[in-house]
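This report concerns only the one structure given below.
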Amino acid sequence: MNNDKIIIFDTTLRDGEQSPGASMNTEEKIRIARQLERLNVDVMEVGFAAASRGDFDAIHQIAKQASNASICSLARAVDGDIKAAGEAIAPAKNRRIHTFIATSPIHMEFKLKMSPDEVIRRAVKAVEYAKTFCEDVEFSCEDACRSEMSFLKEICDAAINAGAKTINIPDTVGYLYPEEITARIGEMVKFINGRAVVSVHNHNDLGLATANSLAAIKAGARQVECTLNGIGERAGNAALEEIVMAIKTRSDVFAPLYTDIVYKEIYPSSRLLAGIIGIEPQPNKAIVGKNAFAHESGIHQDGVLKHKETYEIISAESIGLDKNSLILGKHSGRHAFKDKLISLGFELEDSALNEAFEKFKALADKKKEIFDDDLRALVTNEIIKIPETFEFLTLTQSSCNKGLSSAAITLRHADEIKSDAALGNGTVDAIFKVIDRLSGINGVLKDYKVNAVSQGKDALANVVVKVEFDGKTIIGHGLDIDTMTASARAYIGALNSYVKITATK
């Protein structure tokens, strides 16, 4: 093994999806997985096969389509979990099972109710069983950073002897600071002595996930578990983009260490994820935030105009952000459109390309200037679209006296065109009420967000809603120059997702 390479283990589709509101359906997970392959991650942890039939099916479908990355499923140190993981990843060219058990005194006593010896026996059995499904087995010590070092060494030694190729030392609750990580990982690297890859998985509860991951790398860890945009439970995980760009940018510190990440796919990957889950990175998020390459101070602007490196240590172009250059117009042809999408990281099949092109031409008739971000949003919206049980046709809106608004909507459902109107406390409320009435399905709005996709008075509005139907929260997306039309499309998108989910049960 090349000891200078840092293995990037992406867990966006497993740990990242555990972020509140970040759940994805199978089609969305497949699209993210394809983009992760373009990004060239080494390992994709794409789910927890035993958790649900949906997770199993998503892992299985991704495993069928993956070409280079290792496809990994998480599994507790339980035979049923490991069997499900092995069967789910079976079609993949490169396979990994990631099995784990808690090793801290508090977890062993109160959660597992097992003695240390019992935990070791369970770990060994799990690794040995996982090896019957694939050669590549990773063993994790849950809550490793609150585990006693002597026990950590004992159980990791047993797991390696049973066949584990990677030993993961997670800071499950994001408690440690860099100096502590350096000491703990350094001691484990010395103890393992090349018999397995040492991995880290850091959470961001104290805002230290990236710093701790980089400290672990300096201490000898050669795999880092991370997510796009740093999404994950609670405060999130270590952000993939921050780790890989730190290693690249600070080569004076990290050389000869490197990753195989394709840097120009970082921004497209971030935007695709944000579009699918409806969670934007905070504006000042390092690397991929909206303000990451913005300069408002006059002194800073003057410096950047004279020489970028005065205030920019990373170029926007290096991560695939072309500063929103003007592109394409209503006279642009299909071939130019396809080439532009490929340059933005989208390779669509003919049917999807045709639909996206028609949407582009319709947009070009309404919008004078079309930017890269407009195209990203348009195509992402097309990719994540699901079958339209209810198809939006028209919206008419007006304001009434005493703050009330009215909305009239026309939908197509099962070849029947339906129209109705409703009053509401504002136009958005009226729109959602009339959709409920037309569909016969009542939803409860839990969250509503609207963002301008690009600049200008005619910027596309991207609306993301979270709607509760029968106790289940569904995300819907809507895109249009008119914010109210985008709102209607988003609510109908959530409604269609709910109908699809209930129809498959």
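The backbone N, Cα and C atoms fix where each Cβ goes, glycine too.
TrEMBL entries are annotated by machine, without manual review.
Summarising the annotation, TrEMBL assigns Mn(2+) binding site to Asp15, His201, His203, Asn237. In sequence order, Glu45, His201, Glu225, Thr227, Gly232, Glu233, Asn237 constitute the residues six or more apart from Asp15 (Mn(2+) binding site) in its chain with CB-CB distances below 8 Å.
Annotated domain 'Pyruvate carboxyltransferase' per TrEMBL: 6-267, in sequence order.
The region 'Regulatory domain' annotation in TrEMBL covers 391-505. Secondary structure of the region 'Regulatory domain' (391-505) per DSSP (helix as H, G, I; strand as E, B; remaining residues coil): 37 helix, 54 strand, 24 coil.
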Within 8 Å of the centroid of the Cβ atoms of Asp15, His201, His203, Asn237, which other residues of that chain place their own Cβ, given that this set defines the recorded Mn(2+) site?
Thr11, Pro170, Thr172, Asn202, Asn204, Ala209, Glu225, Cys226, Thr227, Gly232, Glu233, Gly236, Ala238
Given a 10 Å Cβ-Cβ cut-off, pick out the one of the binding-site residues His201, His203 that has the most other Cβ atoms nearby.
His201
What number of additional C-beta atoms lies within 10 angstroms of the C-beta atom of Asn237 (Mn(2+) binding site)?
31
Averaged over the whole of the region 'Regulatory domain' (391-505), what is the pLDDT?
91
